[in-house]
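According to TrEMBL, the protein carries these features:
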type	residues	note
DOMAIN	9-219	domain 'Heparan-alpha-glucosaminide N-acetyltransferase catalytic'
TRANSMEM	12-32	transmembrane segment
TRANSMEM	52-69	transmembrane segment
TRANSMEM	112-127	transmembrane segment
TRANSMEM	134-158	transmembrane segment
TRANSMEM	178-200	transmembrane segment
TRANSMEM	212-233	transmembrane segment
TRANSMEM	259-279	transmembrane segment
TRANSMEM	291-312	transmembrane segment
TRANSMEM	324-345	transmembrane segment
Amino acid sequence: MNVHTTKGRIFGLDLARALAVIGMILVNYKLAMNAQAAGPDWLQTITGLFEGRASALFVILAGIGVALMTAKARASEGETLLQTTQRLLFRRAGFLFVTGMMLLLIGWSADILHYYAVFLVIAAMLIKTSNSHLLIGTIGTVIVSILQLMMLDYSYGWLENYHQYEILWTWSGFTRNLLFNGFHPIFPWLAFFLLGMWVGRIGWLTQRKTRVRLLQISASVAVITEMVSAWLVHRFTTTLSFEAAQSLFGTKPMPPNPIYFIAAASSALAMLVICIEVAERWRERMSVQALISTGQLSLTHYVAHVMIGLVPLQLTGQLENGSVVFSTIYALIFYVAAIVFSYYWKKRHSRGPLEQLMRRWE
């Protein structure tokens, strides 16, 4: 029996969302359980590969989704459809902002939804902008981020381990976190979103020949960038501290230097193309259908991985256990449960629980 799907949907995008979700859960549980340092080196390395990559893929996918969603409004010569689409995006942004603020209020400082809400508001105002201007906006956003890193103190507001933003609930602190040094600040994370909008507009994802070319280019750029980054970090560790060299030339998301952006964006695009190819070839397989369904419930799973996954641990005093083994196993158990839930939920419903609630809000 096939899962309930929407006609004309690019199922590879849903598959990519499913992979982004598991990556974010692995990273977030590792962060929440304060397990970044202890544990087997091989497991730290594997889970470290997802840091800043899964969330970058998630944001690029969001940009692609908005580009596809607004295609008719962009092509329309009248104002009615444009204004209707803008109102829809504004309402969706409102829902995500409120949801994200609720997560922040219960102590989840790594929330991505309230940033996502701002991206949607900006996207609503860029529906009619040209593709070239989207690319200019992408580059400009990265440049602003570089200038901020040069002129401002990135560590300001953070506790020592970048686990808690202690001045978040002040106007200046919230603004600084939103624009500059939060987990997914507008500069440079808006660049991922704008890049996604551009990719979604140019039609490469629906043509296999261009997809293959995109995979070749993005995978090559990702590998070369990682190699150059590793060389630069090694080269300058002798004159700078390792932490300083890593901040300047590393590919970790905090601080988000331009080398990180290139590495994360290129690896995300490569993974996206692979997911589209897999979905086109093996979509009828139950395992692929289950992952596609999981991606279609990504909002539900994102909120649930905090409310259902982390809150009980916090209430029982088991949250900050410092074990990457525990955080990884816990994340995988949660994700398997999410896959099973998604598969059977989509047999009966067209949208996930929170996706349906957001639809009613809109």
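The backbone N, Cα and C atoms fix where each Cβ goes, glycine too.
Remember, TrEMBL labels are computer predictions, not curated facts.
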The transmembrane segment (259-279) in contact with the transmembrane segment (52-69), cutoff 8 A, at least 3 CB pairs, sep 6+: yes
Recorded stretches the transmembrane segment (178-200) and the transmembrane segment (134-158) touching, at least 3 CB pairs under 8 Å: yes
Top Cβ-contact partner of the transmembrane segment (12-32) among 52-69, 112-127, 291-312 (pairs under 8 Å): 291-312
